[in-house]
Amino acid sequence: MADVESRGGDESTPLIAGKSANRGGSASASTRDAHLDNCKFWLMCAVVFNHAFQDFFKSVLDKEAGGRPWCQPDVAPDRFGVYALARGTYMYLNLLGMPAFTLVSGICSRGLLRCATDDDGAGLAARSRRMVESLVVPYVVWQTFFLIYGTYGSKEFEPAPAHPVPFVSPVGVTWYLTALFAWRCSLQFIAKLRNVVAVTFAAGLAVGFVDTPRTENGGLPFLDYQRAVAFAPIFYVGATVLTEDVMRRLTDDGDGGASAGWVKIKRAFAWAATAATPALFAIAFAFGGGSDVESRGILPGICFDEAQRWAWTMDPYVGGVDAAAGGGRGDVERVVGVAVLLRLAFYACSVSLAVAFFVIVPRRERWYTARGSRTMYAYLLHLLVIRSYELVRDGCGLRERMPLWASAAVSLAALPSLTSVGLMSARCKAWTRWAVEPDFGRWLFPDDHA
């Protein structure tokens, strides 16, 4: 499989692996952008930790002492605020992980953008074929796997032929493959559009008013298009706003002309935003109320369950409001109006946290830099590891026998750390490349591989 340049190169790998261009714009097989590889590594760690935290909350913490009701505090004792901070950290990971990866995907799609703006038809055709290899083929492979497991393993879906197979509704992590394919295809058509970022932000806000068709089998949203359209503006910010010059200014640690004082101020603000976000969410959850409209006042009560759903951007505004069905028209209009403001807040928070993240991440090579070129493996495989641990833990009765602190230590630290580092290793790539990056391109497009 062809590699991808991290600063405006080709789009062969959806999670931005491969060779990178240097700051000057040239590229070679031996020249990598260490900063972008470092970003990719830590962002994929954020995604893995995010899902590990989610599994712990859903299958362990929320089931303590008979279960935690919707939008209510944890039932388990939290004397030192560890679990509240864990929920705050989880929200930070939601606002950073996939939004920032979407920004990086936009940065790595500049080659396609250049072809579109330069009317390079041959370049567009070649890159489009590579997108089929790197996005459509893995989607077919992994969507098929998740559907088979969901039908005969977890029993989430009814078997065919009595029930239709929900093949065009992404399951689990496959939503990003279809979304990235759609974003990059759209570059070819709207690259020359005036104010393209503003247009896509408007679309990201407007999609919340649009109905979401769901599959008969499993109730999955068609192409997960609410989330795909909601994330599209972030992709276009990466493709058009975060230019070489902007990224150079953000990541300049003094050797590019920035004064030492400015570098210190910039990094201090970045670290402050990064550290404050989990703490602020933890405090907000501690004072959050119930989910009924009357208890919210002007703004919705800040509870973990609603904040989590807000960060996922998977539902239309009315579909994401539990009080809408029982409230009057005025209640629905007020809550939907607040939902639009919260969508704007989502964009502001996620982009700001991503910028702070870019400032913090080291520019030079570290022990994990090479792993940043193998994020596709961690992305597609990490749920298998987390779900396997969950099945073994629950099947052997360990969840009931393990102290809560021990379950937290495994799920919130040990499991995601080992999974992240292990799945981005060279050995994992050697063992699983046949499944993660199947070489069907030689069969689909033999002339490109001659």
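The backbone N, Cα and C atoms fix where each Cβ goes, and this holds for glycine too.
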Legend entry - Matching range for TrEMBL feature annotation, transmembrane segment, among 43-61, 195-213, 404-422: 195-213
Legend entry - Of 90-113, 134-152, 164-183, 195-213, 344-362, whichever stretch has the most CB pairs under 8 A to the transmembrane segment (268-287): 344-362
Legend entry - Leading contact stretch, 134-152, 164-183, 344-362 vs the transmembrane segment (195-213) - CB distance under 8 Å: 344-362
Legend entry - Remote residues contacting the transmembrane segment (134-152) - C-beta distance under 8 A, at least 6 residues beyond either end: 1, 11-14, 158-160, 165-167, 170-174, 177-178, 180-181, 184, 218, 376, 380, 435-438, 440-441, 444
Legend entry - Beyond the flanks of the transmembrane segment (164-183) by at least 6 residues, Cβ under 8 Å: 14-15, 98, 101, 105-106, 109, 131, 135-136, 138-139, 142-144, 146-147, 150, 157, 214-218, 220-224, 227-228, 231-232, 235-236, 379-380, 383
